[in-house]
Amino acid sequence: MPWIQLKIDTDNQHADALSDLLMEEGSLSITLEDGKDTPIYEPTLGETPLWNHTVLTALFEADRDLAIVVEQLKLQPYLGEDFSYKIEQVEDKDWEREWMDNFHPIKFGERLWICPSWREIPDPDAVNIILDPGLAFGTGTHPTTALCLEWLDSLDFADKEVIDFGCGSGILAVAALKLGATKVTGIDIDYQAIDASKANAERNGVEDQLALFLPEDQPKDLQADILVANILAGPLRELAPLIAEKVKTGGQLALSGLLKEQAEEVAEFYTQWFDMDEPAHKEDWSRLTGIRK
């Protein structure tokens, strides 16, 4: 079944009202995109910001007369007679298959591969993690996750215990276990992340070595030889003392989820406990590493 879509240039003040109106006019879905590709890296807690220049795309069934919809839109005072819009035909596709075709095995470092379950493993002798893309948590495609995976691939995990602080999908925890860690503790504030980590550990056969906790449930004396935290700059600053006390003397630390321009400032929060290395960068993002004093 073919579709037709209406694209409208609007702003962050009127996007919600416009979305409601288009749904009333029979739109099947609404998508909001940044008209100028302006990134939002770290919104305020509870905030879901929109862009000043927002492109709204409304999808309709092909037999809907969009000329009628456009006439209704012209009556809205915040749009007026001369608002910018575009009508496009949408090819009918197997969207699930097309989505799956976009994901391929990815190699990190020398040993580590992340592979979707529907793809053939490129190197059976490598360290392979089976992980399917999800909506909320990391799958290795984001630069910060890639930076952490590359760092983990470089380590010797013999007789080492690890903390994955902000475990999300569990991708870093599972990677550490597949690379040889004896035990990993994953901590996250989101119970859905705990469930996702557990499921991914089970899929990769390492669930018996992974302990998962919400912050309030974690052991009070928890420490590890290696700690990786891929969260955001704000929490990394605020939680520096807590993170530091979880790393044993001589232990290794990796922090990511921060932008290049944030790296130096965040590193300063850790220098009293760690000998910090020079940051590593990928695209606009950075990773900090250090050794516990």
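Here the Cβ of each residue, glycine as well, is placed from N, Cα and C on the backbone.
The S-adenosyl-L-methionine binding site annotation in Swiss-Prot covers THR145, GLY166, ASP188, ASN230. DSSP assigns GLY166 (S-adenosyl-L-methionine binding site) to coil in the three-state reduction, outside any helix or strand. The Cβ of GLY166 (S-adenosyl-L-methionine binding site) lies under 8 Å from the Cβ of ILE187, ASP188, ILE189, ALA229, ASN230, ILE231, PRO235, GLY257, each of which sits 6+ residues away along the same chain.
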Completion exercise
THR145 (S-adenosyl-L-methionine binding site) -> DSSP, reduced to three states, gives helix
Problem - For S-adenosyl-L-methionine: widest Cα to Cα gap among THR145, GLY166, ASP188, ASN230 in Å - result: 16
Completion exercise
Cβ neighbour count (10 Å, all chains) around ASP188 (S-adenosyl-L-methionine binding site) is 24
